[in-house]
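Notes to accompany the following structure.
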């Protein structure tokens with residue numbers, strides 16, 4: 001078992017590593033472009049594909065894990081761990097809550113399972129020489145120990161406890177009697193009245209199917225109940241198909257989809273079953289499970305979930321077993337040695353599979369377990385002549401099983417007998433197999449073996465005591481019978497069924513004993529190897545499919561990617577060109593900025609020079625209009641004194657100081673039409689201002705009868721700036737606005753009793769635009 005688990009763990013680890021390596025390789029090949037170059041839509045599709053791959057791998061892992069768990073659970077009792085965990089608690093509860101002899105124990109109805117006995121079906125495939133003979137008492141003890149453990153676990157969950165019977169030691173008779181009395185009370189607890197005379201016992205026979213079969217058949221539970229209430233004679237076949245009669249015609253359905261299609265044409269059935277059909281079916285997970293042929297009900301926890309639903313009544317029947325004419329186990333063994341008619345059964349029962357039951361909180365269906373052994377070494381020695389018959393019949397597979405249960409009350413005996421006869425006619429010559437089972441004898445206070453077989457069983461049963469009859473056939477006969485018509489029955493997929501052992505579970509007084517597990521056989525090893533190979537092939541196929549899908553996506557988008565790549569190259573080249581141009585413009589702007597700054601600095605420097613020059617010339621006056629010949633005869637200083645005496649007599653008393661006077665420029669230009677200016681420098685700026693003020697007051701200034709003009713000596717820049725106001729000053733002066741120039745080149749004039757000052761012509765034009773009178777006067781000035 002540890003070898004199988006280690007193989008499964010190693011296989012899972014290798015698979016994860018392989019998936020990780022393949023994913024990295026695919027990612028490296030598919031994402032050849034940078035993330036920034038791939039459009040968002042492609043990345044979303046690729047991410048969605050990777051998520052789908054992850055989901056698919058996860059579902060495959062769960063599916064294969066369930067397969068391996070199912071295979072391992074067949075070799076190990078699923079209730080072993082639960083028994084070990086609850087040993088301490090349940091032993092104390094069993095001792096403290098053990099009922100007294102004769103006390104009636106109340107049972108809690110779970111709806112699906114009430115102290116049932118598991119009918120274990122296993123196939124006998126090994127030959128006689130491979131069987132391992134075991135002592136008959138050991139086989140009985142082991143079987144009873146298993147049944148006792150399962151029943152004890154069930155009572156522990158329901159809050160009940162019963163006496164324990166130890167079959168290992170024959171000397172503990174008082175303990176056995178107390179346990180037998182408790183067991184008799186437990187069997188009388190169900191709602192059905194006990195059989196008359198107290199000689200019988202109520203058994204529940206449960207067909208043991210795999211968890212996957214129960215998961216598939218669970219969908220029929222409510223449909224079966226509703227059809228049964230309407231007396232439509234539903235029948236659950238072994239292949240989990242639903243059959244019932246409607247309008248006098250038998251109908252067989254294998255799934256709910258076919259039943260839904262049929263009921264859509266029958267208003268009565270559609271109204272009856274409208275609450276049964278599931279509303280939402282499908283989904284990716286169900287689709288994958290159908291493709292892989294697996295279900296999630298094959299695990300131990302899912303098996304518990306299945307057992308908790310209302311499906312159990314389809315496979316479990318309670319029967320009453322008559323016990324007045326039964327024989328003890330020892331007597332039965334001696335009779336089988338002497339009777340030739342029972343030799344065939346003796347050979348078929350050489351290998352008895354022990355039941356392996358799984359505990360659940362609400363009742364459960366048992367897991368199939370097998371333990372090879374014989375009834376006793378003495379029986380094997382006495383049945384050497386029967387081994388040939390057994391070896392020839394052991395290879396025959398049971399193709400069909402039908403459980404025919406008689407009615408549970410005397411009022412339904414006739415109807416059930418007719419129905420049973422009718423069902424037997426549909427079996428197409430199936431074999432009737434004798435079998436034996438253990439029942440509790442309340443009189444003898446012990447378990448006795450009861451053997452029934454075909455017609456003999458019917459003769460030994462009294463009225464009102466139903467018995468179990470098994471019909472077996474080979475696969476070829478069952479296939480032939482199944483092809484006759486709608487009355488045919490389908491074969492179950494249980495592997496090589498050969499025995500049916502109704503076993504009354506006994507309980508043990510001492511500790512729980514965990515049965516020893518056997519090493520995996522060659523067939524199981526081959527099965528494990530085949531499972532691993534199938535897993536590898538499935539993973540490889542999925543990876544190849546994903547690779548094909550990725551290649552397909554790459555082929556679809558490769559042209560678009562190439563176009564986008566070329567477009568990106570063009571955009572990159574264009575961006576480079578634009579970047580170069582922008583760089584050039586930035587360089588030009590930087591150069592212009594530098595030039596602007598240089599010009600600004602030059603302007604500032606010029607302003608500073610102009611201001612200095614104007615300050616240096618602040619005490620100078622220019623005399624304009626004196627002819628050149630006058631300069632030769634008289635000096636410039638004398639000319640200025642003569643002008644002051646002639647025009648400004650009031651200034652003679654103020655003692656104006658004339659520092660210097662000369663014509664500018666120094667050189668004489670023969671082509672010059674006007675005479676050169678005489679530059680007069682006074683001792684102070686105040687003297688200059690008194691002379692200019694007197695010249696403004698006297699409108700006309702002359703020198704020896706010729707008209708001259710006196711102005712302040714300014715720098716060339718200041719003179720150019722003031723020259724823009726010449727035309728405006730003339731017009732304003734004619735209109736009487738008294739215009740004047742303020743230093744360095746500002747226009748000032750009186751308007752409506754206020755002095756208006758303007759720094760440039762644009763500001764002056766904006767002002768006169770709101771005054772129509774001035775606007776009309778200055779319209780011609782640009």
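In case you wondered, yes, glycine gets a Cβ from its N, Cα and C as well.
Annotated range for region 'Disordered' in Swiss-Prot, selecting from 278-337, 338-397, 398-457: 338-397. Listed ranges 1-30, 31-60; the one Swiss-Prot annotates as region 'Disordered' is 1-30. For residue 567 (phosphoserine), other Cβ atoms within 10 Å of its Cβ number 10.
Less than 8 angstroms from the CB of residue 559 (phosphoserine) sits no same-chain residue that is six or more residues away.
Secondary structure of the compositional bias 'Basic and acidic residues' (11-27) per DSSP (helix as H, G, I; strand as E, B; remaining residues coil): 17 helix, 0 strand, 0 coil.
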